[in-house]
């Protein structure tokens, strides 16, 4: 017997996975941050699709993709290159900070100190120090050399914290020498610390909305801030005041980039404009370009003749900067003459983000519509894309594909990353709620009367964790096969599987194929919730859900022997043909020919009543069930009748009558609960 660690007081857990291609070469959502390694021309982009991608900006070819860096499972909000480009630090909405080998693209370690979204990073190059901050109001300082030395055995790291923030932090900046660190938050103020002592030195007021972006001058004497109030402010830290307010945007300023001499500001805004402004003479400004969506991040190209820009869209574009002898932005000449910029120098095309999703009534397929109006059908159970429909009428496709069948919700869909993320849990939506007949599409089965039932949630969890062999588990009995998976299908091995707290932090992320690894297996053993191990390891069967209902004769019955209602209970997936059989056999005491799956009973009944032609007919051809004055299809299950026909919160009520006259004595038999157990 395997002993599973339940992680004591840990919060309730959920399991999620992403339906996606094995390699996603394009961003599928907005891009939050950029970092350029000028040594080799590699551009790193932090996506809202949870993926960091690396691009070769030195090639003229359209294909600039080098590799993806994957380990986050929510928006990557910020990244910084450190150690002369050898390492990269990332911050994410999954509440983690991750340390990467930038050249090889793998995650070296994960820091879980923050308790909410990590929004911003700051880097002091001369000291190899990184700061992280987020919605938990906390700022932590990290020694990069210590972070990059972490191993599985040497996994302890100490951090300093900067306290005093009273609201969520959205921006952070340090100068290269690490003498000043500045934070901006929804307090609408700037807080300044000395990171060497972790002491707060001052706070600066002036903005009227959230401070979204910050830059500190190399000498640590000045700070430039951009705010959702639409202004750019220049602050003198020695004087502890704002010395310049710049109004060049109509909406919030979300990104700032400074010239090397700290004289020119390149700003990107929610108004979609990128503008170059001379700091000492704000009237000396020029529009670089108007993007197609709000601007999220800016970064120089290699020779600083252009600026890379990211937006809410997934494309990354490089725009030519207005120049004069290639040195307007660095010369600081007051009488320099602007030359026309705004030419698109390069474009890294992104993919479409899914914006709409409908779960079909069968609770197996979902239909999505993306930002390019492409409509796609996904198979949630098999974790695959089923059909690309192209640009079609979305609502019409949903209507056309929705069947009149009711199956309980057993998963939810999250589109935050731009790709369909399916969430399984035990809270508001029970992932074991969907019991269906096997003809729902697993093996070839065209018989609607089949008695075999399957549970979608159980099958899917078994497929997602097919390769998991728990440590310290008992060796399989030689007489019993080592059963893995669900016996019906497998899911793509590249599928990311995430274990996380409900509404909270990520605990574990791995690919389906990696569950066989020793470290991953141990991690799963320590983090997987009991409801997962119950079905995947212990092979327990989820409980059936039952429906109470009343059964009474129809007013048109010719010889109703009983007029009283009988209250019965049955599994919710029982088809109405079973109710017909119950009426015929137990209420009317007639001979029946049960549906497929009861061959022995069928043969016995045939032999005992071979001379009765009517008794050879199935029960559903001899009995009519009515509900709310509607004849019920015998292939419908109880939950579908309750949802589509009964439509009331009270107990479901059926009326029955015969389609032709039969002799019966009218005695009532066992309850349907007892009958359904026989099948």
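Any Cβ shown, glycine's included, is placed from N, Cα and C.
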Fill in the blank from the handout: Candidate ranges 594-615, 616-637, 638-659; Swiss-Prot annotation region 'Disordered' resolves to 594-615
Handout entry: Interface present between the repeat 'WD 1' (26-65) and the repeat 'WD 7' (290-329) (three or more C-beta pairs under 8 A)
Key = yes
Handout entry: Positions on the same chain near the repeat 'WD 3' (113-152), where near means CB under 8 A and six or more residues out
Key = 74-75, 77-83, 86-87, 89-93, 95-97, 99, 158-163, 165-178, 181, 183, 185, 193, 195, 198, 505, 519
Problem - Reported mean pLDDT - the repeat 'WD 3' (113-152) - result: 93
